[in-house]
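Record features (TrEMBL):
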TRANSMEM  44-68  transmembrane segment
TRANSMEM  74-91  transmembrane segment
TRANSMEM  103-128  transmembrane segment
TRANSMEM  144-162  transmembrane segment
TRANSMEM  174-197  transmembrane segment
TRANSMEM  203-225  transmembrane segment
TRANSMEM  237-266  transmembrane segment
TRANSMEM  286-306  transmembrane segment
TRANSMEM  327-359  transmembrane segment
TRANSMEM  403-424  transmembrane segment
TRANSMEM  430-451  transmembrane segment
Amino acid sequence: MMDKEESTVLITKSEVAEDAFWVELKRVWSMAAPMVAATASQNLLEVVSLMMVGHLGILVSFSGVAIATSFAEVTGFCVILGMAGALETLCGQTYGAEEFGEIGKYTCCAIVTLLLVCLPITLLWIFVDKILLLFGQDPEICRVAHQYCICLIPALYGFAVLQCQIRYFQTQSIIFPMLFSSIAVLCLHIPICWGLVFKLGLGHVGAAYATAISYWLNVIGLGIYMKYSLACQNTKVVFSFNALLSIPEFCQFAVPSGLMFCFEMWSFELLTLVAGLLPNPQLQTSVLSICLNTTTLHYIIPYAVGASASTRISNELGAGNPNAAQCIVRVVVILAIVDGVIVSTFFFCFRHILGYVYTNEEEVVYYVEDIVPILCGSFAADSLVGALSGVARGGGFQQIGAYVNLGAYYLVGIPLAFLLGFVLHFNSKGLWMGSLTGSLLQVIILAGVTVTTDWQKEVGF
């Protein structure tokens, strides 16, 4: 009789666990899908600006804006995006604990902090031409890059506020206002950019102004929703001295979160730069740029899955539900594996035509086809990295993540990339193989950290 009762209990627990898995899968996916669209819409702003400049037909303008965009990403936007990830921990867990007033306080604190961080970045952008000249760039390209970065400065401050607003909505699972706002702004950005670049004759400077205007339009749109929506009544953002007292606590999570993100992004930009030192630099740089652009586009999906995971995990930990947090980890890892398999299979099957999407140069197309099998490994690794990084942000162990990324990329990945690319003469393929090794090591260590985490201790950070 007792055996039957125990068997019934075990079956019931199994059914409950299975039901919980499917419920969480639906929740995570219902957040991740619109997050993919919202993130893609935001990323396309600068792509549209660059395309508009490209259609001017002035090569020096296009080259200068391309370098300025890369410089702005590395020194500014990446830093802000990474640091804003601290709100995923703080706001997510306070929302789960139903301390709604704290969400507005942390958001206010984050806005002030990130705006202050923008000040030294602004100084760096002002002297971008001097910095690029030190690296041997063409003076005319440096002049264009300087003009573009100067006019892009307002966009940096808008981006800082916008990232805080995004985390404010994300941690409360309010996704659709972000989606509608991002798509609406992208639709407005195209005519605004066209008008400033071509109609008013501002050229590449007009593209920078258009980006800034679009970021601030997004900020204003979300700000209006925050102020008047009933969904935000309990979590209003009020600027106060009390909010400023939370800056040290915010920085405790923001600094490692920023480093965790930047260490990864900077490593890929570094490889693109050193590709110019390889034999036949135009070919090698083109191939590596195609790889980087393709993986960056794909990373929008795992980033959205990771953001959803971060929100759900932090909410459950704040509510004191460590078992639910563990269930979410399983869900996002499975989603990441599925994403990696599907995307890798797709690109491997169409490796013969991938190069033609970017160029008609047969030599470039051939080399891209040759490197795609390695690129497929990057898609799989990136899927898991995005998911596990989201788990790290949700659990509040960004500091461990920063050390992991530092070791994986700068102690292993990049040295191996230099060895394979320059010493063993695998060229761009060798550089990417080294980077892939760093990504795989990152996955292994983050997976180990996740598996060994005592989620009971993470409750309520």
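The first residue you see is number 1, and the count goes up from there.
Placed from the backbone N, Cα and C atoms, the Cβ positions cover glycine too.
Looking at which of 44-68, 144-162, 174-197, 203-225, 403-424 has the most CB pairs under 8 Å to the transmembrane segment (237-266), the answer is the stretch 403-424. Contacts between the transmembrane segment (44-68) and the transmembrane segment (203-225): present, as 3 or more C-beta pairs lie under 8 angstroms, all at sequence separation of six or more. Contact between the transmembrane segment (74-91) and the transmembrane segment (203-225) does not hold: fewer than three of their C-beta pairs are under 8 Å, each pair 6 or more apart in sequence.
Residues 31, 34-35, 37-39, 41-42, 44-45, 48-49, 52-53, 56, 166, 203-204, 206-207, 209-211, 213-214, 217-218, 221-222, 225, 229, 231-232 of the same chain lie 6+ residues outside the transmembrane segment (174-197) yet bring a C-beta within less than 8 angstroms of a C-beta in it. Packing against the transmembrane segment (144-162) from elsewhere in the chain are residues 42, 60-61, 63-65, 67-69, 71-72, 76-77, 80, 84, 111, 114-115, 117-118, 121-122, 125-126, 128-129, 132, 137, 204-205, 207-209, 211-212, 215-216, 218-219, 222: each is 6 or more residues past its ends and has a CB under 8 Å from a CB in it. Within its own chain, the transmembrane segment (286-306) has Cβ neighbours under 8 Å at 28, 32-33, 35-36, 39-40, 43, 268, 271-272, 275, 332, 335-336, 339, 343, 347, 354-355, 358-359, 361, 364, 367-368, 371, 375, 378-379, 382-391, 393, 428, 431-432, counting only residues six or more beyond its boundaries.
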